[in-house]
Amino acid sequence: APVASSLCVRYSHRAVVITGGLLAFSGMALGFLGLNMVWMYATTGFLQGLGISFSWTPAISIVSHYFSKKRALANAIASAGECAFAFTFGPFFQWLISQYGWKGALLIIGGIQLNICVCGVLMRPLASSCLLEASHSETETPPGNGASRTDKEDRSAVTHKTFNWMLVRRPEFVLYAIFGILAAMSFFVPPLFLVPLSYSLGIDESWTASLLSILAMVDFAGRLLCGWYANLHVTKTVHLLTMTITLISTSLMLLPLANNYLSLAIFTGFYGFFFGTTVAVHITVLADVVGMPDFDSALGLFMLIRSTGGFVGPPLAGLIVDMAGDYRAGFYMAGGTLVLSAGFLVTLDQLQQRKERGSQTNIKPEKSTLPYPSLHLLKLQ
């Protein structure tokens, strides 16, 4: 992700997405050869994974560059494709394997991923996200006052054409990155243990498969509804994210109480819905935390740091499940970790509010010490 963000800053989102599509296709097409296990790791693992990162990171980033006032809704709609994929392509992949074998399926899926290049071509390059937002507030420079506005924009574009690694020194970004680690530790656990938990409850396999479909459908609805609500600007995005994280943790704590298919489906629906609301706004919150000039750099660093949580979370949950001898323990672990992550969001919000109050105090005009403005006027005369 940082490599993809760096290339976006250096070149363009369009070029990086097209490169990602070619890498993803190459990984799957070369995996078709299936020479040995090391070959599969290098092709369908590393090469395709690199291509997906090169495709996903710029695609998410450019949406935030395109939209300002409706950024949350735009991100929600853009990310909703993941839910459509989970709902429709899973059975489609199984059909491909049954018809063409796993090698043929890899080749066909690689051909589908080649369409990423088409999506990349449609991404119109933007000069600089910071210029787009600054252009609304920056006024024209009067004649004879030095450099023109165009010159200033050119210099600003050059200034932001480097990857900002110094974001790791900003307390706001660090707090949000820690939130990302803890959240990623939890998000991968429920889909991993949901099916085994249903089996342990004696639920039939045909009904168990429908749980994942329910998860995808309510996830889709949650993203769109939360994106629409965030676009109303009724609630501050970081407050909205804190609420959704709290509701997710609550649903995960209650999910192990299910003892039949109906109750398990209901709690799964709650989890999926609130998970969708979180996905809809967490990128928007990142843009609010760091600002659009540093957003590309922040997204790459955030994804790199957050991935450590996704790497540690499932094995840790598996260890806890093995020690407890019950799949419910994994859901308790995920819920508790999310509660801890919400605490870092609260700390981040308090830090932002403190800085806002400090900036307002610094720019507050000095008041006259005289009790009446008229006396102040007389004094000036």
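Cβ atoms are placed via backbone N, Cα and C, with glycine included.
What TrEMBL lists as domain 'Major facilitator superfamily (MFS) profile' is 1-353.
Look at TrEMBL and you will find 15-33 (among others) tagged as transmembrane segment. Away from its own ends, the transmembrane segment (15-33) comes close to residues 4, 7-8, 39-40, 43-59, 103-104, 106-107, 109-111, 113-121, 123 of its chain (Cβ-Cβ under 8 Å, at least six residues beyond either end).
Among the features that TrEMBL reports, transmembrane segment is placed at 39-60 (among others).
Feature annotation from TrEMBL assigns transmembrane segment to 72-93 (among others). Same-chain neighbours of the transmembrane segment (72-93): 59-60, 63-64, 66, 105, 109, 212-213, 215-217, 219-220, 223-224, 226-228, 230-231, 237, 276, 279-281, 283-284, counting only residues six or more beyond its ends whose CB sits under 8 Å from a CB of the stretch.
Outside the transmembrane segment (105-123), and at least 6 residues removed from its termini, the chain residues within Cβ reach (under 8 Å) are 13-18, 20-22, 24-29, 31-32, 44, 48, 51, 55, 58-59, 62, 93, 96-97. The transmembrane segment annotation in TrEMBL covers 105-123 (among others).
Here TrEMBL flags 136-155 as region 'Disordered'.
Under the heading transmembrane segment, TrEMBL lists 173-195 (among others). Same-chain neighbours of the transmembrane segment (173-195): 167, 208, 211-212, 215, 245, 248-249, 252, 255, 268, 271, 275, 278, 282, 285-286, 289-290, 298, 301-302, 305-310, 312-314, 316-317, 321, 327, 330-331, 333-335, 337-338, 340-342, 344-345, 347-348, 351, counting only residues six or more beyond its ends whose CB sits under 8 Å from a CB of the stretch.
Residues 72, 76-77, 79-80, 83-84, 86-87, 90, 191, 194-195, 198-199, 240, 244, 261, 264-265, 268-281 of the same chain, all 6+ positions outside the transmembrane segment (207-226), place their C-beta atoms under 8 angstroms from a C-beta of that stretch. Among the features that TrEMBL reports, transmembrane segment is placed at 207-226 (among others).
Within its own chain, the transmembrane segment (238-258) has Cβ neighbours under 8 Å at 183, 186, 190, 197, 201, 226, 229-230, 264, 266-268, 270-271, 274-275, 277-278, 281-282, 285, 288-289, 328, 331-332, 334-336, 338-339, 341-342, 345-346, 348-349, 352, counting only residues six or more beyond its boundaries. Residues annotated as transmembrane segment in TrEMBL: 238-258 (among others).
According to TrEMBL, the transmembrane segment annotation covers 264-286 (among others).
Residues or ranges marked as transmembrane segment in TrEMBL: 298-317 (among others).
According to TrEMBL, the transmembrane segment annotation covers 329-348 (among others).
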